[in-house]
Amino acid sequence: MRTVPLFAACLLLTLMAQAEPLPRAADHSDTKMKGDREDHVAVISFWEEESTSLQDAGAGAGRRCICTTRTCRFPYRRLGTCLFQNRVYTFCC
């Protein structure tokens, strides 16, 4: 008796997982396009002591580093540049 609802729930879950997402409304994409370019930030954490090239660049073990489109904010300082998805970002540690 319990197997039928359980089977139906599994079937529904499977169909929902395979279904294509609904297209976004046009007004959502227009407001996104009207706004200024978003600031993309990629957070990178270095925890290995073996990465000597990163330590020479100032990114010591356990230090949190980010790649951002803006200038580095306190307590971070600029150590170079990052390349992510064919865009150049500021590398801050």
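Any Cβ shown, glycine's included, is placed from N, Cα and C.
Recorded disulfide link (Swiss-Prot): Cys65 to Cys93, out of the candidates Cys92, Cys93. Swiss-Prot records a disulfide bond between Cys92 and Cys72, which is the match among Cys67, Cys72. Here Cys82 is paired by Swiss-Prot through a disulfide bond, and of Cys10, Cys67 its partner is Cys67. Around the Cβ of Cys93 (disulfide bond), a 10 Å sphere holds 20 further Cβ atoms from the protein chains shown.
Cα proximity to Cys93 (disulfide bond) (within 10 Å) is found for the following disulfide-bonded residues from Cys67, Cys72, Cys82: Cys67, Cys72.
Candidate disulfide-bonded residues: Cys65, Cys67, Cys72. Fewest other C-beta atoms within 10 angstroms, Cys72.
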